[in-house]
Amino acid sequence: MNLTFRQSLRHFISKYFIQSNKTIMNTLLPPDEVRGMKVFKIDKFTKPVTVPVIVINKNFVESANKVLKNYIIKLNNFKPIRNASNDSECVFYLDPAKFSSCEDLNLPFISSENLKYVQIEVGYNNWNHDEILKAVLPEKSMLSSYSTIGSIIHVNLKPELLDYKDIIGRVLSDKLKGCKSVVNKIDNINNVYRNFEYEIIYGSSDLKTTIKENKCLFDLDFSEVYWNPRLCTEHERILQKLKSGDILYDVFAGIGPFSVPAAKLGCIVLANDLNPNSCKWLEINKKKNRIKDELLTIINKDGSKFIQEDLKTHYILCSKTISSENKIHITMNLPAIAVDFVKYFSNLFEWEEISDHSLPILHVYTFVKTDKNYEEGLKSIMEEYFSNIKDDDIQEIVRVRNVAPNKEMVRITYQIRKDIMCKSESIKKRKLNEINIEDSVKKSKEDS
């Protein structure tokens with residue numbers, strides 16, 4: 001046997017076993033024929049499969065199960081352990097990709113005499129959404145993720161998957177519990193109310209739903225307002241910083257993921273949003289969660305007007321009366337533009353109008369471009385919008401989540417200083433008064 005022949009033989013054997021193993025591994029997966037399906041046909045998913053079964057006396061079931069549980073078929077809506085036709089025996093249906101021989105089981109009461117091969121039928125109802133879509137969609141264009149908003153599934157389909165949107169919607173609706181509608185985002189968030197264009201790719205056109213988050217219930221209509229379930233953890237992080245008696249100014253409140261649970265904690269909350277629909281649903285959620293009027297005030301204004309009018313007036317009233325044990329927080333969760341509103345806190349007050357001990361903590365959300373690196377992107381943001389704050393002012397900078405390639409959502413939390421919030425004229429006047437007082441004290445001492 002020459003060298004070339006031996007190499008060819010090894011290559012053939014290797015290729016054969018790889019293909020053979022791949023075939024065995026795919027035995028219980030959807031059939032290859034559904035790849036590229038664009039019109040849903042449930043019967044195309046059905047296929048016969050030959051699988052090994054172990055038939056044993058019922059007296060040994062408990063002992064056998066300790067070992068066979070690692071080999072049994074695991075499919076949706078499939079019972080892998082069944083009674084035999086006679087009452088004295090039990091049948092274990094095994095996954096052919098996991099089972100090779102009875103000897104491997106190392107069970108004294110199981111031999112080749114207990115082994116049989118039977119044909120079963122598997123189909124659409126036996127697989128989850130991920131298994132179905134992996135079988136149907138092009139191999140290099142998988143559905144990367146989806147969001148669940150109550151009974152609504154929200155997807156962002158890539159252009160190459162748009163031809164498959166009907167089947168994607170159908171599969172997600174069938175397979176995800178409680179799904180009523182599947183919507184696809186077709187445009188970026190770019191209007192004045194920060195909503196996005198969408199299309200319903202499957203299910204009901206009624207997009208009203210209810211969400212539970214941080215021990216509160218939120219009603220909403222997804223066609224009118226925006227909700228991002230991926231911010232649940234971040235909402236919780238902020239709430240953990242609050243306690244009863246604190247004050248929260250929520251500049252871009254939406255339907256209340258910060259405001260409602262904060263008020264439920266006993267915080268005094270002023271919640272603002274430009275979108276009248278957000279305010280409508282915020283009012284509904286206020287009542288739904290039994291929030292008292294004195295704890296939650298809802299305002300419908302542009303963020304700049306809210307800061308310069310409502311926040312300013314309320315802050316002047318409470319800054320000198322709030323307990324030293326409580327804090328004042330300001331949330332600005334509109335990452336696309338929130339940094340543009342930070343400037344409205346500069347020169348907002350007269351020096352004597354506010355106290356020194358109750359300076360607010362700002363939680364400002366923004367996007368950081370990370371095409372070079374995160375540190376450089378963050379540095380650029382800090383230099384452009386936060387040049388007047390000192391390192392000691394910053395309490396934390398948190399990377400909230402990755403939004404897209406080279407783009408991260410970030411929270412910058414810092415305490416804003418009194419000299420930033422107060423008008424320069426009032427600061428000069430205060431310093432002049434201090435000088436005059438010092439001069440008066442000196443003169444008094446000299447006279448005495």
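In case you wondered, yes, glycine gets a Cβ from its N, Cα and C as well.
Keep in mind it's a predicted model, so treat the numbers as computed, not measured.
According to TrEMBL, the protein has these features:
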- 146-418: domain 'SAM-dependent methyltransferase TRM5/TYW2-type' (DOMAIN)
- HIS235, ASP273, LEU274, ASP302, GLY303, ASN333: S-adenosyl-L-methionine binding site (BINDING)
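Structure coloured by features recorded in TrEMBL.
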{"residue": "HIS235", "record": "S-adenosyl-L-methionine binding site", "CB count, 10 Å": "19"}
{"residue": "ASP273", "record": "S-adenosyl-L-methionine binding site", "CB count, 10 Å": "30"}
{"residue": "LEU274", "record": "S-adenosyl-L-methionine binding site", "CB count, 10 Å": "21"}
{"residue": "ASP302", "record": "S-adenosyl-L-methionine binding site", "CB count, 10 Å": "14"}
{"residue": "GLY303", "record": "S-adenosyl-L-methionine binding site", "CB count, 10 Å": "21"}
{"residue": "ASN333", "record": "S-adenosyl-L-methionine binding site", "CB count, 10 Å": "23"}
Quick one: what's DSSP say for GLY303 (S-adenosyl-L-methionine binding site), helix, strand or coil?
helix
Integer average pLDDT (0 to 100) for the domain 'SAM-dependent methyltransferase TRM5/TYW2-type' (146-418):
94
In three-state terms from DSSP, label HIS235 (S-adenosyl-L-methionine binding site) for me.
helix
